[in-house]
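What follows is one structure encoded as structure tokens, with my remarks underneath.
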Amino acid sequence: MGGTVTVDIARTFGALLIGGIIAATFSGVVTVQTFLYFKLYPDDKLGIKLLAFAVWLLDTSHTAFVSLTLWHLLITHFGNGPAIDHTPWSMAITIALTAILTFLVHCFFVYRIYKLSDGNCYIASFLGFLAFARLSFACLTTSYMIHLELLSEFVKRYTWAFTLGLALSSILDILITGFLCYLLKSKQKKHPSCMDRVLDSLMIYAFENGSLTCAATIVAMICWLIMPHNLIFMGLHFVISKFYANSLLATLNTRKKFYKNRLSAMQGTDLPQLGRTIRTLSDETACSTPTSKHFPDESPV
């Protein structure tokens, strides 16, 4: 009996199970968002369509690997408590998939910052470098986990890799949100007061998007630093990619709403009669309005 290993089921297997269930739920939301996107914006540029499809594909693959991880730990090794220290390759892969999806979302928002800043390549390059560094550390984490196979060994030797990946992701969310709000605020000073409501809505939306993803990443990082030997951090990490995917797709899907608000502000009325006309306008036509240079239909905010 002296060799019996005590395992905290609730904070290991339980944390992974709850995280997996929540992740699967949000994955369903991602699928619905993707369906709505292709239905609402059939005339979008090919690049935007490919991005939306890539995000959905990565999210679906991530959910599949999460399910495989749960099967491995909860079914294949049912009753084998010490197996919790073994890191399934499928669990390590979820970290890389989260990083790739996050990288695409970050790049999308960085591009919009580049456009809103009238082509400021210094800001875009700096943010792009941070996004690539975050991706690199996450992929490094995945390779180390697969190679070592034991979570305890990874914690002893490569805690820094996973920590840096999460920290960079949080920093990027803060910077992207800050730049978007700042740039929108600067545009607000250059446009008529009738646009204030639209710009305020855009800033609030950008702040809410960035805050959600940043908060989820920070909480996961805190759990990782304080409790690296249980799997609460991984249960939270399962959900992070879903927040990023929904953030991007929701941004794409709310463009019609903001476009209608923009027309309403410009015309001084709610213009309900324009609903049918708006649905027939392509993005290029929509961009021909006086304020479209800074607020195109493809804007991520």
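Note that the numbers count up from 1, one per residue, in the order the chain is shown.
Any Cβ shown, glycine's included, is placed from N, Cα and C.
If you check TrEMBL, you get these features:
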type	residues	note
DOMAIN	170-256	domain 'DUF6534'
TRANSMEM	12-38	transmembrane segment
TRANSMEM	50-71	transmembrane segment
TRANSMEM	91-111	transmembrane segment
TRANSMEM	123-146	transmembrane segment
TRANSMEM	158-184	transmembrane segment
TRANSMEM	205-227	transmembrane segment
TRANSMEM	233-252	transmembrane segment
Using Cβ atoms only, state whether the transmembrane segment (233-252) and the transmembrane segment (158-184) have three or more pairs under 8 Å that are 6 or more apart in sequence.
-> no
Along the domain 'DUF6534' (170-256), what average pLDDT does this model show?
-> 83
How do the residues of the domain 'DUF6534' (170-256) split into helix, strand and coil according to DSSP?
-> 77 helix, 0 strand, 10 coil
